[in-house]
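S.K.: Have a look at the structure that comes next, please.
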Amino acid sequence: MTPPDLLKLAAGAAILGLAALSTGVSFGRARRGNHLLTTFFACFAAANLFGLVLLGGQAWLSADAVRWLRVIEVPLVYLLGPLLYGHARALLAPLHPRAQPLPLAHLLPAMLAFVISLLNAVAPFEASPLGHALFRLSFHGWLLQGVPYLLATLWLSFRTSSTTQGTAIQRSGLRGLAVVMASCWLASAMNRWPPDAAPLMASIGLSLLTTAGMYLLACRVVRQQLRAPVSIAAPGVGNLIPAPIEDVAVARYERSGIDAVQCAAIASALTALMQGERLHEAPGLDLQGLSQHSGWSPNQVSQALNQGLGQSFSEFVTGFRITAAKSLLSDPADPRSVLDIGLAAGFGSKSTFNSAFKRATGQTPSEYRRSRATSG
């Protein structure tokens, strides 16, 4: 193994560790499009792992072993572009409670590369001129296939509109990720050139630059995870506390990165989400739960409700429960008791239901039901 190969191996090992760290940190976070980001980092880490095995074992791996390793490695790199763009699309898509996912057609190149690599491993055909050309096309094609996705991701990160989601901090992070990935793309392309055609120092320098970029990116991911707000309300007590503690904990919005127009748009999307999925019917719904369903952070949800609707989280959810209860109480064909209706609307107890309903309507649920029956 030559000294340049050793440097590439060291850089690849560092990138593998940082990609694995980013995968672990991003796993399970309740952010819009985060499952795509986690999958992206996992594929990136796995592709780097197989690449390191192929680079480090080039002296002792058999030709058959190399072919089988590439059955896994080659399709993984074809997934990087679609996953990165899918994450950007979900993170910065037009404000809507449920954005359309990326079509499965974007996965076809990865599937085709898998089929070609598998066929070459089962019955090697790369020795023939046509087979060699076909395999090389699938082996190197991801570099061209990923370019449109990188450009689209950068375009989304620079695009600013009051009708799109995503804070300035999220856009900045996405731009940084796209730039680091572009460096990886370029480094991979230069490493595939013939040794006498590729500038050696430029290739090594780009690999080191990519490693530094991955390090900064991983530091940012870890720092954001450590700063992530944690819900401190106990499960099942959402209706026992009139004003959830989360509303107090996220009362400062100076560094949120969203303006008044975006607050109004997010509040509108949250309202549509509550109406469409009837989240208020869950008695334990809290600020963290609504954040997980919507994809916005608890701080953004709280700010949007406060500045967009002039309501706290508790007032927002209680309003939906009151509306649902009024509809049920007004239905003469509904045989359920007042308590059952309150529980169905999302209230945790009869006393909570009675006090909230009377505060909103001036009547107890029983009085409201009798008045509706009389007027009907």
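Each residue, glycine too, has its Cβ placed from N, Cα and C.
Below are the features I grabbed from TrEMBL:
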TRANSMEM  6-27  transmembrane segment
TRANSMEM  39-60  transmembrane segment
TRANSMEM  72-92  transmembrane segment
TRANSMEM  104-122  transmembrane segment
TRANSMEM  142-160  transmembrane segment
TRANSMEM  172-191  transmembrane segment
TRANSMEM  197-218  transmembrane segment
DOMAIN    268-371  domain 'HTH araC/xylS-type'
S.K.: Among 72-92, 104-122, 142-160, 172-191, which stretch has the highest count of C-beta pairs below 8 Å with the transmembrane segment (39-60)?
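M.R.: Per the Cβ count, the answer is 72-92.
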S.K.: Give me the stretch from 72-92, 104-122, 172-191 with the greatest number of Cβ pairs under 8 Å to the transmembrane segment (142-160).
M.R.: 72-92
S.K.: Mind checking how the domain 'HTH araC/xylS-type' (268-371) divides into helix, strand and coil residues in DSSP?
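M.R.: Taking each residue of the domain 'HTH araC/xylS-type' (268-371) in turn, the totals are 77 helix, 0 strand, 27 coil.
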